[in-house]
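All remarks here apply to the structure that follows.
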Amino acid sequence: MIKYGVTIYVYGRVQGVGFRYQTFRWAKLNRLTGYVCNLHDGSVKIVAYGDSEQLNTLTHWLEQGGPPGARIDNFSSQSCAVEDIADFIVRH
C-alpha cells in the first residue's frame, strides 16, 4: 500500500463541540494515522496519512459535515510529507 499525507484546515464551529474526539474516532475506524489539533484562530488542523481511498473518504466525510454538532463552513487541504506515525492521536 502506498501511503500519502494530507494536511487539512477546518473552519467553522469546530471547537468546543467534540470535533477532535469524533475525528479521532472516525480516523481510527478508517485506519488512518496522524493527528488532529485545535489552532489558536478557532480552526482545527488534521494531518492524516493513508492510501488515496482512505484520504478521499476523509475529505468526503468533511464535505458531508463531519461529526454531529460541528458546523464546517469550509476547509482547505494540501499534500504533505508522510511521517512515520503508527497511530492517530489528538494533540493538545
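Cβ coordinates come from backbone N, Cα and C, glycine included.
What Swiss-Prot lists as domain 'Acylphosphatase-like' is 5-92, and the listing cites sequence analysis. Residues or ranges marked as active site in Swiss-Prot (evidence: sequence analysis): Arg20, Asn38.
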Whole-number Å distance between the CA of Arg20 (active site) and the CA of Asn38 (active site)?
8
Please list, for the domain 'Acylphosphatase-like' (5-92), how many residues fall into helix, strand and coil according to DSSP.
23 helix, 36 strand, 29 coil
Arg20 (active site) has how many other Cβ neighbours within 10 Å of its own Cβ?
22
